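Take a look at what TrEMBL says about it:
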type	residues	note
BINDING	GLY30, GLN31, ASN32, ALA33, GLN34, GLY35, LYS36, THR37	ATP binding site
DOMAIN	3-345	domain 'RecF/RecN/SMC N-terminal'
Amino acid sequence: MKVSTLSLRNYRNYPAVDLATDHRVNVFIGQNAQGKTNLLEAIYMLALTKSHRTSKDKELIRWGETHAVLSAGTVRKYGDCRLQLDITNQGKKARVNGLEQRKLSEYIGTLNVVLFAPEDLEIVKGSPGVRRRFLDMEIAQVHPSYLHSLNQYHKVLVQRNNFLKSGNAHKSTNEPLMAVWNEQLATYGSKIMTRRQGFIAKLQTWAESIHRGITGGSERLEIGYLPSVEMQGMEEETVLFDRFMIKLTQAKEQELRRGATLVGPHRDDLSFRINGKDAYSFGSQGQQRTTALSLKLAEIELIQQETGEYPVLLLDDVLSELDRHRQTQLIETFRSKVQTFITTTGVEGIRMETLDDVKLFHVSEGAVGEEPS
Ligand SMILES: Nc1ncnc2c1ncn2[C@@H]1O[C@H](COP(=O)(O)OP(=O)(O)OP(=O)(O)O)[C@@H](O)[C@H]1O
């Protein structure tokens with residue numbers, strides 16, 4: 001999979017830019033705050049219809065404007081595609097080859113990307129919410145129905161939480177209403193959890209072998225799923241549903257007291273262990289960074305396995321943070337098979353001689369100049 005052209009209109013600090021990006025490696029070079037990450041964010045938006053930096057779409061529209069448009073030409077195994085995303089204060093609309101997509105959740109997956117940025121360290125070091133977001137974004141790219149379950153689950157969760165908070169949930173006359181929400185919560189919740197469990201099992205296989213390669217065989221990475229409803233091995237959705245319902249019954253009194261839903265995938269977490277030790281508590285900064293890198297490289301392979309095509313790799317200012325060995329490992333991975341977009345303040349850290357088909361773009365104050373190839 002490849003992005004061959006990229007156009008931005010009134011996006012972040014870009015009034016208008018049109019780029020030919022039909023190269024294996026595209027490098028955006030520029031000083032700080034010139035708009036390099038904005039370009040990667042635009043590609044990420046075209047893939048996932050969400051920014052990796054903000055949940056407020058308003059921030060993406062150029063100041064003083066009301067409408068931003070992103071578009072890209074993509075080259076895929078089964079034909080080329082023209083993608084377009086319109087962003088206004090009222091919402092977003094996606095088009096594929098000019099045809100408006102009924103639902104954004106059905107559009108996601110048309111372009112697959114893997115982004116690796118300094119903030120990814122937070123997947124290991126940060127709060128459980130960061131890890132759940134990582135899981136959700138990655139699974140949604142390869143399983144569009146996952147996003148549907150997630151959206152439905154959150155709708156039920158909000159209603160159920162409001163009800164628990166209101167104090168009306170104590171009344172026995174309201175029990176039938178609670179029973180309906182419990183069933184919906186367990187239905188969508190068990191779908192989400194079985195998907196997460198399957199995804200993590202596959203991610204583990206890839207990440208463990210990649211991590212071993214990066215560390216020269218000295219470290220064994222294990223990824224664990226910590227679901228809020230106990231799972232025994234690979235679970236059937238129906239078995240999990242029953243257990244979810246039992247857990248909700250058991251938690252009833254506590255939920256009424258606390259005024260919140262205490263069971264379900266909104267409380268899931270992930271664990272990372274290096275040679276048997278928890279990377280969150282005991283990992284060095286370098287080990288945590290390598291763990292995040294292994295996860296991202298594993299995702300590349302996993303997307304290929306699930307979709308039959310390699311995703312586009314977006315590297316936001318990360319090469320300079322890696323030592324020579326890890327940098328080489330990263331470059332070797334994407335060199336032959338993955339189209340890559342890199343942002344950097346200078347090319348000194350990048351061993352250009354190891355790359356072929358590279359294009360340099362100079363980014364300055366919302367304008368992009370192409371260096372002749
Ligand atoms: N909605 C917006 N409208 C106009 N300009 C914006 C908007 N949002 C952000 N910017 C501008 O975009 C610039 C930041 O761009 P970006 O984050 O891509 O920087 P960068 O080149 O990646 O920098 P660094 O190397 O520091 O990460 C800033 O100058 C900021 O003021």
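Cβ atoms here come from the backbone N, Cα and C positions, even for glycine.
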Among GLN31, ASN32, GLY35, please name the binding-site residues whose Cβ is nearer than 6 Å to ligand 1.
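So the answer is ASN32, GLY35.
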Other than GLY30, GLN31, ASN32, ALA33, GLN34, GLY35, LYS36, THR37, which residues of the same chain sit close to ATP? List them in sequence order, counting a residue when its Cβ is within 8 Å of the Cβ centroid of the site.
THR343, THR345, VAL363, SER364
Where does LYS36 (ATP binding site) sit by DSSP, helix, strand or coil?
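The three-state answer is helix.
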With every protein chain in view, what's the tally of Cβ atoms within 10 Å of the Cβ of ALA33 (ATP binding site), excluding that atom itself?
10
Restricting attention to the domain 'RecF/RecN/SMC N-terminal' (3-345), give the mean pLDDT.
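Value for the domain 'RecF/RecN/SMC N-terminal' (3-345), mean pLDDT as a whole number: 92.
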If you draw a 10 Å sphere on the Cβ of ASN32 (ATP binding site), how many other Cβ atoms land inside?
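Cβ-Cβ neighbours of ASN32 (ATP binding site) within 10 Å number 8.
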Only counting partners 6 or more residues apart, tell me which same-chain residues put their Cβ under 8 Å from the Cβ of GLN34 (ATP binding site).
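Residues satisfying the criterion: VAL363, SER364, GLU365, GLY366.
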By a simple count, how many Cβ atoms lie within 10 Å of the Cβ of GLY30 (ATP binding site), its own Cβ left out?
21
